[in-house]
Structures are given as structure tokens and as C-alpha cells.
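Worksheet for the structure shown next.
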Amino acid sequence: MNRNIFALQRIARRTFSSSGRRLENHVPQKQKRFQENDGMPIHLKGGVSDSLLYRATMGITVLGGAYVVYELVKWGCPKKA
Amino acid sequence: MAHQAHAYHMVDPSPWPLTGAIAALLMTSGLAVWFHQHSMILMAIGTVLMLLTMYQWWRDIVREGTFQGHHTPPVQKGLRYGMILFITSEVFFFLGFFWAFYHASLAPTPELGGCWPPTGIFTLDPLEVPLLNTAVLLASGVTVTWAHHSMMGGDRKQAIQSLTMTIVLGFYFTVLQAMEYVDAPFTIGDGVYGATFFVATGFHGLHVMIGSIFLAVCLLRQIKHHFTSGHHFGFEAAAWYWHFVDVVWLFLYVSIYWWGS
């Protein structure tokens, strides 16, 4: 009876679907990837998606910063009525 | 490749402090533009930039600690000091609002009717939803402690279950409090009672939401095997923050809901 229960447990734990892969421990692979000596700073070390996100963020920073300076200069120098 | 002769972490140059500072500038000036020119665009851009900064900065910290091993014991000690100091600053933040509440309620002015609660204010019954909220947060303090002990004991499944329960309880508190806000017989504009009530409980509610998000990120990291039984400071920091949120609520409940009713 116990042998059957153990066999059932073993089968239940086997997962062939992608949801099983998601529950696996991928930390060792990540550790290997992020410890590669490629000279990249941490915020770009993850690959292309890092660069895209960085560029989008910096783009908003520069454009937004310029817009705020423009607004502040406009507010600081009101036109005479 | 050069190796360091010390256990400390010399971080790579990072753009996130700059983008975060510009985000703060955009959010605050955006607030002023919203007040005076009725446009929310600048504030929205600032908020988006703040969210992008937070995501990428904290993602990098996870990479540095969990994937690169930079969080040695001395580094972790520094992170602990940092979190303790941050929570202490938040205590002082709330202290101000409690000061305002006690200043107004201990010596109520003639304009209020010389009494507290002021004349015309119908307070919420402290033994109804506010008491339930107290029970919910206290229970969440138990479940987060359960999660910690599970984590320390290497019990992955129980850690995930109890951490999930903690987040569900936090969400339940937020929903209950939102319903209270909608049904309250007074508003933030109802004199000093309304102002102190909604500003103090409002900032608390915001901290519950922030704490819930912090715990949810920890849940995701626990599922992804980031934490070990001996090293899980991100979770500990979230648990400390959560206990702080719980304690603030206890003070709010006793002071504003109970004594102040």
C-alpha cells in the first residue's frame, strides 16, 4: 500500500509542462550570467532589454527635466499685461 | 581581473539616483502645475519616471546581492542599519500627525464647541469595522512571523503560504478601509477633526499599500528561490516595515478611533 502511495507521489511531482520549469531554481544560472567578466555595469548586464529600458528612462529624464526648466523660466519671467 | 581586499561593496556607477532626483522634481513641480494650470501631465510623467527608477534600482540591488554575492555580513549589517534608520524617520513622520491630533483634541477650541469630538461630528464606532481592521493587521503580524520562521526552517511551501496570507490580509485591510472612507459621515474638509483623521489614517493606508507591495515582491522572490534559510534580508526588511505599519495602526486606533470618539 505504501509503495503505491510513494509511486503516486513520484508521478505527481513529475512536471513536463512549462509551469514546472517556472518553479525550478534558476538562481545558479543567473549567478553565472551576472558574474561574467564582460565589463558591463550592473544596470546593463542583463542584455538588450536593460539597454532599452535604460534609454527610455534616460529619455524621459532629459526631456522631462528640460520641460520643467522651460516651465520654471516661463513662470519666473511673466509677460507684462 | 582585480579582486578587492575587503568585504565591502563598491557599487558600479548607476544612473538611478539622477533619474530618481529628476522624477522627484517632475512630481513636485507637476503638483504645482496641477494646482495652478489644471494639467496633470507633468505629474504623471514624474510618477512614471519614479516607478521606472524604483523598478530598475531595486532590480540592480537583487542582482548585486543574490546573483553576484556582494551582500557579505558587513554589507548586510549596513543594509540593516539603513532600514532601521528609514523606519525611524517614518516614525517621526507619523509623530507629527499625532502631535497635530493631540494638539487639537486635548484643548478643543470654542469654534469646535469646546469639546472633542467637535459638535456636529458623528464619529465611527470603534467596535465595528475599525476593530475588525485591528484584528486583520494583528493576524497579518502573526502570519508574517510564521513566514519568517518557515523561511529560517527551510520550509519553502509554508513560507509561500503564510506570506501569501499576509498579503491577502493587507489587501483585506485596504478594501475595508476604502469602504469606511466612502461611507464616513464626515470629510477631510470637516474642520480639524476631518483633517487630522483623514491625513493620519490616509498616510497610514498608503503605507499599508507600500508594505503590501514590498511583501508581494518578497513572495515573488521566495518563489524564485532567491532566499535561503540563513540569508533573506529583503524579506526581513519587509517584515520590519510591516510590523511598523501594524504598530502605527494600533496607535491610530487607540488615539483617534477609541479615545477620540
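Each residue, glycine too, has its Cβ placed from N, Cα and C.
According to TrEMBL, the feature domain 'Heme-copper oxidase subunit III family profile' maps to B:4-261.
If you look up TrEMBL, you'll see B:16-35 (among others) marked as transmembrane segment. When Cβ-Cβ distances below 8 Å are used as the criterion, the transmembrane segment (B:16-35) is approached by residues 41-47, 49-50, 52-54, 56-57, 60 of the same chain, each at least six residues removed from its ends.
Long-range contacts of the transmembrane segment (B:41-58) within its own chain (CB-CB distance under 8 A, at least 6 residues past either end) are made by residues 14, 16, 19-20, 22-31, 33-34, 217. Positions annotated as transmembrane segment by TrEMBL: B:41-58 (among others).
Positions annotated as transmembrane segment by TrEMBL: B:79-102 (among others). Counting same-chain residues at least six beyond the ends of the transmembrane segment (B:79-102), those with a Cβ under 8 angstroms from any Cβ of the stretch are 71, 195-196, 199-200, 203-204, 207, 233, 236-237, 240-241, 244, 248, 251, 255-256, 260.
The transmembrane segment annotation in TrEMBL covers B:129-147 (among others). Within the chain, the transmembrane segment (B:129-147) has long-range Cβ neighbours (under 8 A, six or more residues past its boundaries) at 158-159, 162-163, 165-166, 169-170, 172-173, 176-177, 179-180, 215, 235, 239, 242-243, 245-246, 249-250, 253, 257.
Residues 129, 132-133, 136-137, 139-140, 143-144, 146-147, 150-151, 201, 205, 208-209, 211-212, 215-216, 218-219, 222-223, 227, 235, 242 of the same chain sit 6 or more residues outside the transmembrane segment (B:159-179) yet have a Cβ under 8 Å from a Cβ within it. The transmembrane segment feature in TrEMBL is assigned to B:159-179 (among others).
The transmembrane segment annotation in TrEMBL covers B:191-220 (among others).
Tertiary proximity for the transmembrane segment (B:240-260) is limited to same-chain residues at least six positions away from its ends with a CB under 8 Å from its CB atoms, namely 83-84, 87, 90-91, 94, 98, 101-102, 105, 116-117, 123-124, 126, 130-131, 133-134, 137-138, 140-141, 144, 166, 170, 196-197, 200-201, 204, 207-208, 210-211, 214-215. The transmembrane segment annotation in TrEMBL covers B:240-260 (among others).
Taking the domain 'Heme-copper oxidase subunit III family profile' (B:4-261) as a whole, pLDDT averages 97 in the prediction.
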